[in-house]
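S.K.: I am attaching a structure below and will ask some questions about it afterwards.
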Amino acid sequence: MNAAQKIFGGNYSQQILIVEDEPDLANLIILNLNTLNYGVTHSTTLKHAREAIEQQQFDLILIDRMLPDGDGIMLCQQLRESGQMVPCMMLTAKDSEADIVLGLEAGADDYLTKPFSVLELRARVKALLRRSHQMEAQQEAKQESQLDFNGITINCNTREVIAFDTSLDLTAREFDLLLFMAQHPKRVFSRMQLLEAVWGYSYTGYEHTVNSHINRLRAKLSHSSSSTELVKTVWGVGYKFSPPPQPLNY
């Protein structure tokens with residue numbers, strides 16, 4: 001295949017891109033997804049997957065890691081760095097804990113190791129699409145386009161954060177994490193709750209993914225104000241967003 005190929009396009013309401021170079025496995029996935037009435041586009045390389053993404057909007061991307069022109073994780077990273085939050089599921093034989101953590105921290109929403117059950121794949125695809133649809137509906141229903149605290153402005157539309165007159169350079173996941181906690185100021189969330197709300201999965205053992213993102217977020221926030229800790233640890237429970245106190249007026 002020299003380019004991404006639309007297998008089942010048409011008027012399907014949800015479109016899925018499969019990036020997989022093993023023909024038999026790709027065909028099995030394609031046929032099963034089509035029975036669920038999903039539109040399917042198939043690519044065998046990262047290059048052609050990028051071209052397909054530029055030409056069409058997808059609701060979900062399934063990505064093999066070991067592709068002819070590189071590691072599928074690179075595609076996931078590039079999507080997140082560009083601000084695209086389309087759900088991504090890694091499909092790979094790399095099943096070590098380190099590989100799974102690497103994939104999830106790169107921005108993958110799910111990680112399914114080969115060989116896998118087709119029934120499990122179908123269930124995970126439906127779950128990811130359901131969560132994505134729910135998040136989109138919540139965003140559309142949300143009337144507040146900007147959150148303002150004392151010295152902190154979070155713009156939900158432009159995905160910009162201004163902290164004490166300093167523009168913060170946040171990754172897509174860091175922004176989503178800060179926004180979620182800021183939408184519930186002073187409420188304490190466990191790492192598992194944050195993993196489910198922001199990443200869309202809740203796997204025991206991968207809560208340290210939240211820790212690493214919290215640490216990076218804190219580091220960036222601390223550059224804007226050394227005296228105000230905005231993301232606080234509640235020992236034994238989790239984390240909370242603590243807005244800066246209002247100045248006293250005399």
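A Cβ is built for glycine as well, from the same backbone N, Cα and C atoms used for every other residue.
Take a look at what TrEMBL says about it:
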| type | residues | note |
| --- | --- | --- |
| DOMAIN | 15-129 | domain 'Response regulatory' |
| MOD_RES | D64 | 4-aspartylphosphate |
| DNA_BIND | 144-243 | DNA-binding region |
| DOMAIN | 144-243 | domain 'OmpR/PhoB-type' |
S.K.: Suppose you look only at the DNA-binding region (144-243); what would the mean pLDDT be?
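M.R.: Average per-residue pLDDT within the DNA-binding region (144-243): 86.
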S.K.: Please report the DSSP secondary structure of the residue listed as '4-aspartylphosphate', reduced to three states.
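M.R.: SS state of the residue listed as '4-aspartylphosphate' = strand.
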S.K.: Are there any residues in the same chain, six or more apart in sequence, whose C-beta is under 8 angstroms from the C-beta of the residue listed as '4-aspartylphosphate', and if so which?
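M.R.: Correct list: V19, E20, D21, E22, G72, M90, L91, T92.
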S.K.: So how many of the residues in the domain 'Response regulatory' (15-129) end up helix, strand or coil by DSSP?
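M.R.: Here the numbers are 54 helix, 28 strand, 33 coil.
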S.K.: How many of the residues that make up the domain 'OmpR/PhoB-type' (144-243) does DSSP mark as helix, as strand and as coil?
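M.R.: Taking each residue of the domain 'OmpR/PhoB-type' (144-243) in turn, the totals are 37 helix, 23 strand, 40 coil.
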